Amino acid sequence: MLRVGMLTSGGDCQALNATMRGVAKSLYKSDKDVEIIGFLEGYKGLMYEEYRVMKPSDFSGILTTGGTMLGTSRQPFKLMREPDANGMDKVEAMKSTYKKLKLDCLVVLGGNGSQKTANLLSEEGLNVIGLPKTIDNDLYGTDMTFGFQSAMEIATNAIDCIHTTAASHSRVFIVEVMGHKVGWLTLYAGLAGGADIILIPEIPYDIKKVAEAIKIREKEGKKFTILAVAEGAISKEDAALSKKELKKKKLKDAGRYPSISYEIGDMLSAETNVDVRVTVPGHTQRGGDPNPYDRALSTRLGAHGAELILGKKFGRLVVLKGTEVTDIALNESAGKLKYVDPESSLVREARLVGISFGDK
Ligand code: F6P
């Protein structure tokens, strides 16, 4: 009997179910007698022994569904070594559940923090396989994470919808896009939606340059300007601050603005006299069903994960490199973020079509 534990961890995204299905279908097709244990709400289920023994039918009809059938939760990596409210050692509790259930392997569908914990458990002697989830596409070592393309579609739709109203009212619109500390989602949605200005964390902006880009458009007779702003966008002044100084500043500003876009909106109104509106699609970007690309990618990633399990190749993160699905050591990725390279052709091409990053 091959006993495989599975959990979905961190913020949800599209194609979690499709990925679990990819793993399960491939395992059930093998010549092994397979039992899959689904832990509920991520690492919490593994810590507190909350799980479901899955049936093959649980993995049917879920290729196209959003969310995660197992539920998820955020269990920050930095708290993993801290005892829980009742003094329980979380890592020891997870190891104990794994052993008690006689698991041969644990499959973790998660982003950065979750894969760091996966690596920790692997270093603690468990057999672990990671699958690269996140709408942020910031997981180091993979060219693409599942969820990203579906989220990009939603963020792009938001920009598309803003286009018609922006044109009717001759206004400046800011669409705030998720992505945590990186700009992948904003940059791709901005390109796909035809944003005029794109602000991402990797290219700190100068508000005067952003205002200048709007004024240039006005001079060119353009009646509106659309900005795609990453939730992690940062000004040149703030980027120059130390971590401590930035934290202090953020604490001081807390409550004044619900998010960075509102602050940018205020500054732009002051600089340009234009009417600015802010739209925050927020968690809609993580919602709904996976798009065809994500369904296909997830199926491939899941199948590769199953191949690793059957080949007893553990401590690996399944990744996409170019067009090939392959795997790398979990510790090669753990703790590193994949940023947009400001010198990449991606940014250069965006500049070539006239997009301003508010930096020059
Ligand atoms: O990592 C996915 C993500 O949606 C980020 O883009 C965003 O910063 C964060 O999660 C939001 O987290 P939460 O759902 O916990 O508010």
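Count begins at 1; order follows the chain as displayed.
Yeah, the Cβs are placed from backbone N, Cα and C, and that goes for glycine too.
Remember, predicted model here, so these are calculated numbers, not experimental data.
Quick look at what TrEMBL annotates:
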type     : residues                                                                     : note
DOMAIN   : 3-308                                                                        : domain 'Phosphofructokinase'
BINDING  : G11, R74, Q75, G111, N112, G113, S114                                        : ATP binding site
BINDING  : N112                                                                         : Mg(2+) binding site
SITE     : G113                                                                         : site 'Important for substrate specificity'
BINDING  : T134, I135, D136, R171, M178, G179, H180, E231, R277, H283, T284, Q285, R286 : substrate binding site
ACT_SITE : D136                                                                         : active site, proton acceptor
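This view paints the features noted in TrEMBL onto the structure.
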residue	record	DSSP class
G11	ATP binding site	coil
R74	ATP binding site	coil
N112	ATP binding site	helix
T134	substrate binding site	coil
M178	substrate binding site	coil
T284	substrate binding site	helix
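In this structure, none of the binding-site residues G113, S114, R277, T284 sits close to ligand 1 with a C-beta under 6 angstroms from any of its atoms.
On the 0 to 100 pLDDT scale, the model's mean across the domain 'Phosphofructokinase' (3-308) is 96.
Residues G11, R74, Q75, G111, N112, G113, S114 are the ones the record ties to ATP, and the longest Cα gap between any two of them is 12 Å. Counting every protein chain shown, the Cβ of T134 (substrate binding site) has 30 other Cβ atoms within 10 Å. Checked against M178 (substrate binding site), the binding-site residues G11, Q75, N112, G113, S114 differ in C-alpha distance, with G11 being the nearest. Between the two most distant C-alpha atoms of the annotated substrate binders (T134, I135, D136, R171, M178, G179, H180, E231, R277, H283, T284, Q285, R286) there are 33 Å. Sitting within 8 Å of the Cβ centre of G11, R74, Q75, G111, N112, G113, S114, and not among those site residues for ATP, are the Cβ atoms of S9, G10, P76, F77, G110, T117.
If you check the binding-site residues T134, H180, R277, R286 against G11 (ATP binding site), the ones with a Cα inside 10 Å of its Cα are T134, R286.
Within 10 Å of the Cβ of G11 (ATP binding site) there are 20 other Cβ atoms, across all protein chains.
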